[in-house]
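So the structure is just underneath, and the comments pick up after that.
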């Protein structure tokens, strides 16, 4: 509680209700943009979690009511679950950049930033491969490919933390250029997914809409990444705004990219799935239990006795006899 005598006005950069360990952007009511950023991040997180819970409940209802759909919807539910989980994490990690850099928030920033974005972009890349018809990304292969690509960034960030905190026994600290360098693999995932999305040309109308939304999501994400990396490494130093603008730039990029991912891909995929068509013809093809079409055609699987080319054999023998006689 604040004790204010009479009309005395307290001129301070932080409200008295704020702890000394938090940054003024988190609790200073005069920082309007900070309050807006926190509101957008919190609402995006709740929206993502709501979609995630709704997706799980709806898919469980389908599995109970239509048992023959269990194998067909499992892979697409797993892929959307991973993507929405990554999107919710992107909104949540925004608060680690709103609060000042401390030994506690530093590992969180370093590890989760790249890991969450790599999971989101890996899901988009796996979806591009599925739309292109790659066998490895069909059915349960789609979430498996996403997890495999995501694991690489986990190893990169874990190795960095081990080298700095354990081997060198140094406090967690990083330069902005070093932070950007740690995202090279994430940028590669984003670039490859964007290129592949240009070539996704499914004939189905609904899949064409999905491919278009996927391309727009990746294009906007690429633009956001170019802007925040440019501002972090070049813009802020040239404008003389480092380090005051460093964390706000990353925080705004997180919220902006989170909403692009959520509205551009997450919400649309859940909507398509809930319409019922995602469980039939808009899911990646599953070849579980697939048999050769020749099994349905009588006579194709019957053993051959080699008599079909009898006329050719007789003709060859006649020509050979004529040559010997001549």
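Cβ atoms are placed via backbone N, Cα and C, with glycine included.
TrEMBL tags one of the stretches 21-39, 211-229, 230-248 as transmembrane segment, and that stretch is 211-229. Of the listed segments 263-294, 295-326, TrEMBL assigns region 'Disordered' to 295-326.
Of the recorded ranges 76-98, 110-132, 179-199, 211-229, 249-274, the transmembrane segment (144-167) has the largest number of C-beta contacts under 8 angstroms with 110-132. For the transmembrane segment (211-229), the partner stretch with the highest count of Cβ pairs under 8 angstroms, out of 40-64, 179-199, 249-274, is 249-274.
The stretch in 76-98, 110-132, 179-199, 249-274 that contributes the largest number of Cβ pairs under 8 Å to the transmembrane segment (40-64) is 76-98.
When each of the listed stretches 110-132, 179-199, 249-274 is scored by C-beta pairs under 8 angstroms to the transmembrane segment (76-98), 249-274 comes out highest.
Below 8 angstroms of C-beta separation, residues 109-110, 113-114, 117-118, 121-122, 124-125, 128-129, 132, 149, 152-153, 156-157, 160, 211, 214-215, 218-219, 221-222, 225, 229, 232-233 of the same chain, each at least six residues beyond the ends of the transmembrane segment (179-199), sit close to that stretch.
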